[in-house]
Amino acid sequence: MALQVELIPTGEIIRVVHPHRPCKLALGSDGVRVTMESALTARDRVGVQDFVLLENFTSEAAFIENLRRRFRENLIYTYIGPVLVSVNPYRDLQIYSRQHMERYRGVSFYEVPPHLPERGGAVRDRLLQSNPVLEAFGNAKTLRNDNSSRFGKYMDVQFDFKGAPVGGHILSYLLEKSRVVHQNHGERNFHIFYQLLEGGEEETLRRLGLERNPQSYLYLVKGQCAKVSSINDKSDWKVVRKALTVIDFTEDEVEDLLSIVASVLHLGNTHFAADEESNAQVTTENQLKYLTRLLGVEGSTLREALTHRKIIAKGEELLSPLNLEQAAYARDALAKAVYSRTFTWLVAKINRSLASKDAESPSWRSTTVLGLLDIYGFEVFQHNSFEQFCINYCNEKLQQLFIELTLKSEQEEYEAEGIAWEPVQYFNNKIICDLVEEKFKGIISILDEECLRPGEATDLTFLEKLEDTIKQHPHFLTHKLADQRTRKSLDRGEFRLLHYAGEVTYNVTGFLDKNNDLLFRNLKETMCSSENPILGQCFDRSELSDKKRPETVATQFKMSLLELVEILKSKEPAYVRCIKPNDSKQPGRFDEVLIRHQVKYLGLMENLRVRRAGFAYRRKYEAFLQRYKSLCPETWPTWTGRPQDGVTVLVRHLGYKPEEYKMGRTKIFIRFPKTLFATEDALEIRRQSLATKIQATWRGFHCRQKFLRVKRSAICIQSWWRGTLGRRKAAKRKWAAQTIRRLIQGFILRHAPRCPENAFFVDHVRTSFLLNLRRQLPRNILDTSWPTPPPALREASELLRELCRKNMVWKYCRSISPEWKQQLQQKAVASEIFKGKKDNYPQSVPRLFISTRLGADEINPRVLQALGSEPIQYAVPVVKYDRKGYKPRSRQLLLTPNAVVIVEDAKVKQRIEYTNLTGISVSSLSDSLFVLHVQREDNKQKGDVVLQSDHVIETLTKTALSADRVNNININQGSITFAGGPGRDGIIDFTPGSELLITKAKNGHLAVVAPRLNSR
């Protein structure tokens, strides 16, 4: 059995490998508990798994260096006590499998490496599919994040007694609706606009009056980055479209929802022009038509609402025309109101889909609720406005709650263990929360007062009011209140707050408008008359009769935030702090500047200081004793008393000083990490000695057992093998004797008919012959060797020989190429015609026939033109002898599919159609003359043609094949008579001689002397 340690992405885990059983994880308290402290021995390489164990816990540099070490080793989770810090690796680390989940089941918090807390099973489809819909309508690309949540979300998920999700509910906070009409440079509007344009079907876009190019819509180009390479809007649209179906959206509801989205884009493209009286008039009639249809309102009513404001004075309604600036404000206010109210309706619709269907059943009371808070983090941009002010105020409240709950949990644990509580020094950000939310004197109260007071209230008057009211506050600063040096970094329209995470400068421009969030009455009336069912629910007619001024945005947000804090106080919290290692989403890249900024605004150092104010390390007595008992002779190998007494003996032996630890009721508390590290290092040394001793004992025992097993096995194998060899030898001898007896008996009766007595011998003889034949088969068709068969197999031998020969012929024929086949066919024809008949035939046998003896460049183009489309099958230079004087003349002989053509340079001298070719004559000597005989009745022909070719066998074979005159070739001895012209015959006399000589004889004949070759 071997002990192996396998590194995993969340720490280390021990695997016990058995030789005869599959690999099994060492789960449970004894197995996995080792992993948390075992990583401390590698702390120089992978850091510590809990920041509380940092020796220099007040150093931000040490904090970040620990993060760096763990990130480098793909350890993305680290604790600060019960708080989990997560660094995004931007790649899949395979740490969310069911196998990993099982490691965390049934064990205590510190018995496993850091990981996300697991509180329930898989969430139902509707819970999962609500997320992409909310992200599409509530998330956008910012300078820091391609998918930044521009609203806060708190979700309650309800589980039944079996752990299955049965329902849920979502609360949303402060949608950044100003993004609908304006985006900073490098940012985008909400995702849904781009997804609809990129992924929507052509018919849908046509019905909505939209085109694919987002550059065509003013609300989408303010940030100048409508297209982002890292975002696939088309794919995201498919996900959103499917999710809407899953969360119970009907097709009509989807159509109504998309109409509203499209109407916002058309509102952005609605333009105004001033008339003679400087009053605004709508100039984009096409956009107005689309808006009328999509919003379900009257066109004239909408036009009037966009260019006029309804004022009620002394019970009388008056219409006041708007100038260009006011009309643009009214248009943008309508776009923001339509989108934000639709988003609120969307959340309510999702809540109806997520609501438990068994709320009335008795088992409803036994459900467990898991709350998930996903809210915007602290934001510090180059330009910070009203939205950043609200977001950062939210973070201040959550940080205040976080510190309070952390202190509360620490104090409760100390009290439960009977340890005196020591006051903790930390930065209490209540002073900043009061600065923002205090009644009458807080920034929100002053902002509301300035929004509601009569007169000309502006953003600058609001800033002046702040300077007058809270100028003495140490966390507030403006240009007017700053010293000469600080004024350089503050404009006159800005104020600066010193948050717990650092300084943030806010520009007051738009604070009053965004806080008021006014929508002119006639625009409300128009929307209340909408035939779009969704807008009908978003704009309730009761608003028109309500004389009470609605609460401002900041006040609404403050009240909802206070409600959220109460909800969180009623829960048992589990904190996850998320950190981005870089802005480019690259795996393995650690941007220290960016991470230091996040560590600061997440308040991690403050949380660490609170946690380290008391004791850095605490463990149950049982766990502590189980791990470190080998360091004390009194507790090793087993302790029989109470675990607490055992720990007391152990720490006394280790020499712990009183100020270094405290003994609680169930736990030991260690104040300094160095004390734990020293104990862990001592354990590592002790393990080495124990391992050596265990190894020596184990090896001795293992080798002894192995020797005994081998000895017993050897004796058993020897006994069995001797018996086996004896039985094999006896059986072999018996078989040999029987075989020899049968062979002898068969040999004696070998000439008798086949019978049982000679069958074995006869079969042996036949088998031997066949096996010998297989080894001695002919190698090729020319090999005539064949083994001599026994008398009984002579007939079979002949049949096999014939089959073998046919098989070799067949194989040979299969292996030759078409060109070689044609060559053989021509050679076979030549052999049939000339073999044994003409003296120079044997010299032509080893020479291959070629397709032509003249290239295309050797034939005059005029000849080719005269032949037209007739292809030349064969061409060869020849010598033609005149019919009268037998004067030799150089010519070319061309074979076409239809005729033999005699050519002189560029002129066709004679064309002999194959139908007029009656025969071919040639002598039996070694000369190269031949005569082409034509029909005497053919007036076009002058007579037979006498030719000489150096390749006479090749030429005549190809001519005979082309003209189909193989049987019309005459091989003459002595002389050849030919038609020399009308009524005149010529004679060629052939005589053997010593050398070739062609002359005209005195008798007028053509005399040919040719040497005779001894070939026939």
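Note that Cβ sites are derived from N, Cα and C of the backbone, with glycine treated the same way.
In TrEMBL, the annotation region 'Actin-binding' applies to 561-583, one of the ranges 308-330, 561-583, 676-698. Per-residue confidence over the domain 'Myosin motor' (47-684) averages out at a pLDDT of 86.
Long-range contacts of the region 'Actin-binding' (561-583) within the same chain, counting only residues at least 6 positions beyond its ends with a Cβ under 8 Å from a Cβ of the stretch, are 67, 71, 80, 82-90, 116-117, 119, 144-145, 152, 154, 171, 173, 371, 373, 377, 393-394, 397-398, 401-402, 405, 589-591, 594-595, 598-599, 602, 604. DSSP labels the residues of the region 'Actin-binding' (561-583) in these numbers: 9 helix, 4 strand, 10 coil.
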